[in-house]
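Accompanying notes for the structure given below.
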């Protein structure tokens with residue numbers, strides 16, 4: 001985390017610039033969906049089996065753009081993500097709900113500042129299976145809830161000061177047509193100045209990302225995911241149902257699957273790559289490049305040693321072969337001399 005504060009990966013209809021690299025806050029033009037977010041040395045995240053983001057042909061998304069927020073301007077940095085692109089279709093498509101609010105005004109020396117948001121969902125049933133939260137240094141706790149048939153259920157409550165990435169829920173949460181989504185970010189400002197919304201570390205943000213799966217119909221395959229955004233407080237009366245304990249951060253992530261061991265990761269890779277048509281896409285980081293360089297150097301040294309050994313062997317063979325030739329010539333000379341002497345005697 002010495003180089004980048006956070007990193008966001010998007011799939012886009014068009015990139016904001018016609019360049020491989022550019023600076024600025026613009027990421028995509030046209031349709032766009034965030035597919036991963038990372039901050040604070042968070043652990044890796046993998047999608048569930050048979051779930052994937054639809055990209056490429058017959059979808060709105062033709063490009064992948066990685067947006068990195070650096071602590072300072074760097075040269076020769078290789079921060080990035082590792083992605084897998086496969087031609088195998090997935091049973092379920094993935095989408096991400098970006099929820100939060102722009103209504104952030106953190107008055108100086110003020111604690112427990114709430115910034116609620118809410119919306120109503122209209123669409124096919126979706127299943128939330130992973131979440132990620134994001135604020136800057138003043139965030140205390142982010143929470144997200146579902147209201148279904150007048151019953152409120154907690155989806156996620158997390159401390160945004162912990163490592164930020166997508167975390168798998170122990171149990172998926174279904175969101176059905178006409179359900180409500182509501183949530184809030186809670187802030188504490190102990191400074192003698194007011195903090196406003198913004199993307200720099202001197203500003204604040206309130207974001208909760210909910211990753212979900214859904215079964216695409218034939219009509220929706222070419223369309224964006226059904227629930228891209230839940231922003232600001234569209235349904236004020238629903239936000240009033242947010243529980244009082246939402247201001248208290250959890251002691252631990254006891255309802256979230258935090259860890260992914262190596263066996264799970266390898267198994268996921270094998271499952272995704274078990275077709276000869278699959279193609280891995282790797283955006284290398286510094287460690288990848290270091291390993292590649294060392295491997296190339298070792299291979300070069302091995303080839304050099306083998307080449308020298310082969311050269312010595314050829315030289316030795318040549319010398320031995322030369323001795324044989326010389327001996328044969330000597331034998332022929334001696335034989336000719338002997339024949340001449342016999343002729344004289346005759």
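Each residue's number is its place along the chain shown, starting with 1.
Cβ coordinates are placed from backbone N, Cα and C, and glycine is handled just like the others.
According to TrEMBL, the features are:
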- 3-71: domain 'Copper type II ascorbate-dependent monooxygenase N-terminal' (DOMAIN)
- 5, 6, 69, 134, 136, 205: Cu(2+) binding site (BINDING)
- 12-28: disulfide bond (DISULFID)
- 93-217: domain 'Copper type II ascorbate-dependent monooxygenase C-terminal' (DOMAIN)
- 119-230: disulfide bond (DISULFID)
- 185-206: disulfide bond (DISULFID)
- 289-310: transmembrane segment (TRANSMEM)
For the domain 'Copper type II ascorbate-dependent monooxygenase N-terminal' (3-71), mean pLDDT (0 to 100): 88
Sequence-distant neighbours of residue 12 (disulfide bond) in its chain (C-beta under 8 A, six or more apart): 27, 28, 29, 30, 31, 32, 61, 62, 63, 64, 65
Listed binding-site residues 5, 69, 134, 205, filtered to Cα within 10 Å of residue 185 (disulfide bond): 134, 205
Residue 69 (Cu(2+) binding site) versus disulfide-bonded residues 119, 206, 230 - nearest by Cα: 206
From disulfide-bonded residues 119, 206, 230, the one whose Cα lies nearest residue 134 (Cu(2+) binding site): 206
Cβ-Cβ distance under 8 Å to residue 5 (Cu(2+) binding site), same chain, at least six residues away: 39, 69, 70, 71, 201
Chain-internal residues, separated by at least six, CB under 8 A from residue 6 (Cu(2+) binding site): 37, 38, 39, 40, 68, 69, 134, 164
Listed in sequence order, residues not in 5, 6, 69, 134, 136, 205 with Cβ within 8 Å of the centre of the Cu(2+) site Cβ atoms: 39, 135, 164, 199, 201
Cα-Cα distance linking residue 136 (Cu(2+) binding site) and residue 119 (disulfide bond), given in Å to the nearest integer: 24
